[in-house]
Structures are given as structure tokens and as C-alpha cells.
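Here the structure is laid out as C-alpha cells; the discussion comes afterwards.
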Amino acid sequence: MHLDHLVTSKQLTRTDIETVLDRAAEIDADPSSVADRYTDTVLGLLFFEPSTRTKMSFDTAMKRLGGDIVDMGSVESSSVKKGETLADTVRVIEGYADALVLRHPQQGSAQMASEFVDVPLVNAGDGAGHHPTQTLLDLYTIRENASLEDLTIGVMGDLKYGRTVHSLAHALTNFDADQHFISPESLQLPREVVYDLHQEQEGAQIREHDSLEEILPELDVLYVTRIQRERFPDENEYQKVAGEYQIGPDHLEAASDDLTIMHPLPRVDEIAPSIDETDHAAYFEQAHNGVPVRMALLDLLLSGDGGDDDE
Amino acid sequence: MHLDHLVTSKQLTRTDIETVLDRAAEIDADPSSVADRYTDTVLGLLFFEPSTRTKMSFDTAMKRLGGDIVDMGSVESSSVKKGETLADTVRVIEGYADALVLRHPQQGSAQMASEFVDVPLVNAGDGAGHHPTQTLLDLYTIRENASLEDLTIGVMGDLKYGRTVHSLAHALTNFDADQHFISPESLQLPREVVYDLHQEQEGAQIREHDSLEEILPELDVLYVTRIQRERFPDENEYQKVAGEYQIGPDHLEAASDDLTIMHPLPRVDEIAPSIDETDHAAYFEQAHNGVPVRMALLDLLLSGDGGDDDE
Amino acid sequence: MHLDHLVTSKQLTRTDIETVLDRAAEIDADPSSVADRYTDTVLGLLFFEPSTRTKMSFDTAMKRLGGDIVDMGSVESSSVKKGETLADTVRVIEGYADALVLRHPQQGSAQMASEFVDVPLVNAGDGAGHHPTQTLLDLYTIRENASLEDLTIGVMGDLKYGRTVHSLAHALTNFDADQHFISPESLQLPREVVYDLHQEQEGAQIREHDSLEEILPELDVLYVTRIQRERFPDENEYQKVAGEYQIGPDHLEAASDDLTIMHPLPRVDEIAPSIDETDHAAYFEQAHNGVPVRMALLDLLLSGDGGDDDE
């Protein structure tokens, strides 16, 4: 794998993805093998909007590799408030760090920033744009709990606004997965995403449903996402829709014994707590997988010849 | 000592307490003996309300043991704002860390959280509930400056709302200390705390006073707490009461030469700055003792078989 | 060099300055020589007002020396809100850390704080007072790009309120630099600063200008600072003044090929982005130099006998 920066999962070929997942599996199996690998390495965290989970996960990943982090802190306390451009900010901070992780509310910001720095930069979410490490940890979780070969996956909830869902769907076309999208009509996948998926997939199914029942028994994986209250002008309408796209113990009777349930978290009511203790529940494991997957990615970026890095 | 989690100092027997204090004394005497002991360990800090001192002290303790921390950051930037339950938050973060420290405004939250995680969890304050490591460092400071045997202690100030004071008082019944409580009537110990203390102590005195003068000469330790302005509807009333429960150089004439003065800090006017340079003052040392005591506790929790930890 | 604390660059003799810069150059040339030097050292960061850049730079410096940091966090979450004095805060936190870095809005605070602690304390800015590590990194950048001997420097922009500029100007009198100050009349150097500079310098020129053109060809270094909008009651007046004290590609024709352009950053419009790629631009390097210079300073403070440090 030759990567200078990771801006979008679309950069990644199937082979690239498998390289990251294989490395993550090695690290997961024997974390001590890399625990002192990057003792002199400092990772710069630039989070221009809050994200506890992603930030803690990168932070932990770097520390589990023996390295350390420097954190820009919140935008309120930063030079951004004084009118500094993102290009200037990243060029200053690359002088402190051996690699950068950037989250920024503006779509395209990670691509732009990556053009100004010589150290590896990882996009940790750029608004409505991309969040490739989320996709990688989702793929890793699917591979560990089911298989990326001959996969039948259902994705349920808010499919219209879900960056996570779009990225995962695109990535899964590399593996010819059968993909089923379950949502209320108002939260369906955007038409252009459906069109792209049909273009990208070869021989696999891309289908949309308005109810889980008809497709649940066929699924290897059910990926649930949160339906956000603020998408609905009317509270009653929200309650009605949200209630239909929740999963509880009753549903499991119709599901395969091997069904894996995933969720990018945080959840609110989409998955009943009683499911947590069943073998179906993979969402906490999914969150935990952020660490080995990000360790693997950082390892591959830091150990490779990181492009025209002049340090 | 066998402990999976530390939720309240009431869990601790006298032997448990002495185990922690002995370990702290060993570490204090030779910090380098443990400086590289936990190089691959990551401690998760979950502070749902601000607490500079306690947080920095745990942070330092883990780093002085060779380890590192990951910090959830403030609640404003966390998934809690999206409606995530505490049970979900701790289950996600235990995937990043080898142990957790939790501060949360809700009483009982630490106990509840500890039931959801397999890694050791330390309660760093749960609202009006418990804050056991504060009690341990108080006991350590008493032992280092006076003695836990045959102790006569005075506790002065706001005894009604002071979680710190209640926990320390309960813990001292293990050592049959004579305890004197000095406060204005409106800030006396709650009746049920007094009742419990009388039940728990064996042969030692539990007495209440409205003035320091009558009891000061007998004290080995005077533990002063802050009287909070916001407890009083009337500013004049506050000034009058607060003024009576301050300690200045004049008081020291009536005190034992060996009197140890403690305070959980921050102080406002309760102790005159001129006392800082006297041998009586133990409050900065007390704050500093948070580090070896928390190092000792983390060491005991991390080195033990931490319950049903499945990692 | 014998230093317990660094409060102001006025403490530093020419020899002291050269000691720091020489050490920084050694570290810059071979960072690995010190990468494990302070593995058991913890640096306390006390930032009572925000400063991303300075804070990250100290944080990185300590980590590049193998050590770690504990951060007090923002004032909003600290004991300061409960009325604690700065003297108490620093005395508590020195119990956690082996050295302290303090930024505080009040002039004189660093000097005061240093009198209460036994561990080395570095002033990272005290309001309108001092910020000596900024001066040291400026001097280092000048030495690396031009020379401190026979230097002709121009300083342009807001010279009235610029703490950075005043400190650098004083420090440069140690090296008998010719100093040219270019600003609108309303933002000239304070008269007492000019008076002091004349007193301190020996044989070198101290001159003021209202336009860059007349002096640009003679300069080895042009140090540009930001003119802050909020200094001007009238937006038009600001636009007019700010526009005259910007530097763009046109100016470079009149400048020496060897001209070094510096800026403490963040910049807004003072330097055109097209200059970034030229050999003149030293401002990102200047920001990066904060790390080796602060590493050098911390190394000198921590390795020396830090005064009456009782640890």
C-alpha cells in the first residue's frame, strides 16, 4: 500500500482495504508487538468540531503504538478565531507532529489541507464529506463477525443524511455484497448514491425497502443508524417513524441465529438494551475496533515512505 | 486486597485502607521503583463535571506509573449530548482503556457504571455520593503528619453539605478516632450522619461544637472546610458566619505545637496565608498526596486480578 | 547558565541567550539524542487564557524530550472559579509536576507565581508583560536564516501593543542590531520603549519610519506583525492603514535576495500567500522553531540545579 494521506475511502482499492484489515487483525491478536514501535512519534489532533469517540480512538491508537499526541484543543481557544486560514493552521502544526488527524465541518477541507502538508494526514470527518476510518472499522467488524465474501447486509434508519452509510455502501461494492436499504421514504438514500452504487457493483443486489420484516431473515449483518429528531418538523411524525425502525427482541425470532447487529453509536432507542447481552450485538465491539484499525492505518502511514515528507 | 472497582470508601476494611496507605508510602519513598511499571497501560478519564484537581492528580498518577491517559473531554463535546446513556458511554470507553476514572454529578452513577464494565473503575465523585480517593489521601496525610492511632481530630466549617467530611468521618470510625465537629448550627452534620457515626464507632467520642475555642487545645488535627457563600440567602449572615470559622495566627497560641491543619482546597478565607509557612500547614502536602495515593490505588487495581475482566 | 525560572528575557545575558540557542541547534540537528532524556518528567501546563500555539509547542517540546504533561485545562473548569488565588493554584500543581509553564492575563503574575514554587517556572505570557520563549525562538530563527551579528532588521505593523515586538527589540540590543520600526503613527512604539532602546544599544541605529519603501532594500530581516481591527474605531481607517502595511510580491523586487520575512502568526492579510513558497518566507519555520528552542530551555532548566528545589 502506498498512501501519503487518507482523505476518503474511495482512494482505497480492495487490496488496500485488505492490507489495513489484515494489519489490524495482527495488531488485535498481539498488541504488545507494536506497543513500543513509535515511542518517538507525536500525532497532531486537529478537531475543528467535537467528536469524543473518534478523537479518543485515535488518541488511544497512537498511545497503544507507544507514541503520543498533541491536541489543538477547541476552536474557541485557537488561532482560527483570529482569522487564520486552515492552510496556515495545518502548516504550523505539522511542525509539531509526525502525522495529523483532521476533523473539520467543511466538506473538502481534508483534501485541501492534505495538499499543504508533508506529513501524513488522516481525514477524521469533513462535514458531509468523508470519514474513511469509520468505514474501515465497519468493514473490519463485518469481517470479524460475518464475512466480506458473499455478504448480505441490511442498512436501516436515516440513509439520507448518513455519511457513514454512504461510505460503507460504496466500500462494500468492492466486495460485491448484496445490500438492502431499509428506511422511511423521507430518509431514503439520495438518488445519486443509489445510481452510483448500481454503477459500481458487479452482479450483486442493491435494493431498497420500507420495512425490515421482508428482508430480515436473509441478512448476515444488520447495520442500524440513528434517526435524528431534528430531521422532523413534527414530534408525532418523528415518534411514529422512529418507532418503526427500532429493533427489539421480537425481531430476533425472524432473524438468522448468526445475524450480526451493528450501530455506529451513540444510539438512543434504535436497539433495545436487552439485545446488548445477545451474541447478535456487535456495536460495542465495533466501537472498540476503532483502536486496532486506526493503529493499523497509522502504522502503515508512518512506516511507509510518506510521500514527499522532507523531515 | 481484592477489589474490582472502588466506588465508595465504605467498601474498604481497615486492612484495605492500610494496604493502600502502605503502598502509597512505599511509592512516595521511591517513585522510581514504579516509574516504568505500566508503560503499556492507558487510563480513561470520564469527567462529566469539571474537577481540575482530582483530574490532574489521577492524570499525574498514571503518568508517574509510566502509563498514559485518554480523556473524554467535556460533556459539551461528547456523545452524551446526543442522548447516550452512561452505561453505553462507559462500555464504549472501556474498549480504549485498561481502567476508568469516573466523575459524574448523579449519586449512584459510579456504582451503576461499574456494573457494566469489566475493567477496574474508580469513583472520582458522584454528586452528593462518594469520593473515596479523597478520603484515602486525607487518611494518608493524617497518618504522615500525626497518627491514625489515638487520634483527636476537629472538623470545622460546612459539615452539612460536605461529602468529603462525611466520608472521612465514616472512615475514621475504623480507627476509633475521637471526632469533634465544629460548625454554625445551620451547617451542622446531618442527623443521620451523626447517628451512623455513633453506631459505627467503638468507644471513641463523636461530639459537636459551635466554637473552635473550647476544643482546639486537644486536637492533633484540625480539618477546615470552605463555607460556601451560596448556602446563605443573606450576604451579611454569610460574612458573620464565615468570619467565625476562619483560622488565623491568633488561634495557634491555644493550639498544640504539633497541631496539623488540613483543608481539601481550594480555600478562600478560611485559613490565613500567614499560616502557610508554619509547620502546622499540611494542606498543600495533602493535595500533593493525591498523587502517591492514587498511584498506589491504581497499582493495586491494575496488578490484581480485576474481577471478571475478559481482556 | 544558572536559572531557576524564566520570567522575562531581560533576565538573560547575551551569553545566556547564546547558550539556549546553541542547545536548540544541537537538538534540532539530532533530536534523537534527547528523545529519551526525561522519560520520568511531567511538565505542568497552566494556561489561564487560551493559546493554542504556545501550549502545543511546549506540550510537543516536553514529549520530544521523552516526558509528559499535565494540563490544568481551561479556567472555566478550574478551582480559580471558586476564588482560589494564583499562589495557591501553583503551589498545588507544583506537587504534580517537575516544572511549570504559566500563561496568565495579568502582568507580573509569572514573577509572583515563581516566588511561591520550588520547581522551575517558565512564563508563557503574562498579559502586557513578557513572553520570553517567543523572543528566544525569534532570535533563533534570525540566527538560522540571517545572523545576529551585524543585523539590520525592520519590524513592521502594530508596534504599540505588540509585547512580542518590544521583547525582541530589547533582546536585540544585546547584539547591537540596527533596528528599523515601520508603522502608522497611531501604532508607533511607545515613547518609553524607544527611550529604553536608545539607552540600551551601543552604537547601533534605532530608527522609526512610516513607510517600508525607504528602508526595505537595506534589511536582512523583515518582521511583520498583525494590525488588529479592534484597535481602530472606524473600519475604513483600519482598511486604509492595514493595506499600507502589508507585504506582497511587488515589494520583493526592491528587497535583498537574502531578505528573511518573519511573522509570529497567526497572520490575516499582512503577508500575501504567494510569498509562502519563496525563500524569503521563514514564518512557518519560525513557528516550528518553538519546539527545539523550548526543548533546549526545558533541558537547561531541568538539568541544572533548579534553585532551592526540595524534591
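Start at 1 and count along the chain as shown; that gives each residue its number.
Using the three backbone atoms N, Cα and C, a Cβ is placed for every residue, glycine included.
In the domain 'Aspartate/ornithine carbamoyltransferase carbamoyl-P binding' (C:5-144), the DSSP tally of helix, strand and coil residues is 70 helix, 23 strand, 47 coil. Annotated domain 'Aspartate/ornithine carbamoyltransferase carbamoyl-P binding' per TrEMBL: C:5-144, in sequence order.
The carbamoyl phosphate binding site feature in TrEMBL is assigned to C:Arg53, C:Thr54, C:Arg103, C:His131, C:Gln134, C:Leu265, C:Pro266. On its own chain, C:Arg53 (carbamoyl phosphate binding site) has C:Leu265, C:Ala287, C:Gly290 as residues at least 6 apart in sequence with a Cβ closer than 8 Å to its own Cβ.
Look at TrEMBL and you will find C:Lys82, C:Arg163, C:Arg226 tagged as L-aspartate binding site. Close to C:Lys82 (L-aspartate binding site) in the fold, though at least 6 residues off in sequence, lies no residue with a CB less than 8 Å from its CB.
TrEMBL lists C:150-300 with the feature domain 'Aspartate/ornithine carbamoyltransferase Asp/Orn-binding'.
Here the domain 'Aspartate/ornithine carbamoyltransferase carbamoyl-P binding' (C:5-144) returns a mean pLDDT of 94 for the predicted model. A sphere of 10 angstroms centred on the C-beta of C:Leu265 (carbamoyl phosphate binding site) encloses 20 other C-beta atoms. On a Cα basis, C:Thr54 (carbamoyl phosphate binding site) lies 17 Å away from C:Arg226 (L-aspartate binding site). The L-aspartate-binding residues named in the record, C:Lys82, C:Arg163, C:Arg226, extend over a maximum Cα to Cα distance of 36 Å.
Here C:Arg163 (L-aspartate binding site) comes close to C:Gly125, C:Ala128, C:Gly129, C:His130, C:His131: these same-chain residues lie at least six apart in sequence, with C-beta atoms under 8 angstroms from its C-beta.
Using a cut-off of under 8 A between C-beta atoms, the binding-site residues C:Arg53, C:His131, C:Leu265, C:Pro266 that neighbour chain A are C:Arg53, C:Leu265, C:Pro266. The Cβ neighbour count for C:Pro266 (carbamoyl phosphate binding site), using a 10 Å radius and every protein chain shown, is 21. Note: C:Lys82, taken in sequence order from the binding-site residues C:Arg53, C:Thr54, C:Lys82, have a C-beta within a distance under 8 Å of a chain B C-beta. Between the farthest pair of Cα atoms in the carbamoyl phosphate binding residues (C:Arg53, C:Thr54, C:Arg103, C:His131, C:Gln134, C:Leu265, C:Pro266), the distance is 18 Å.
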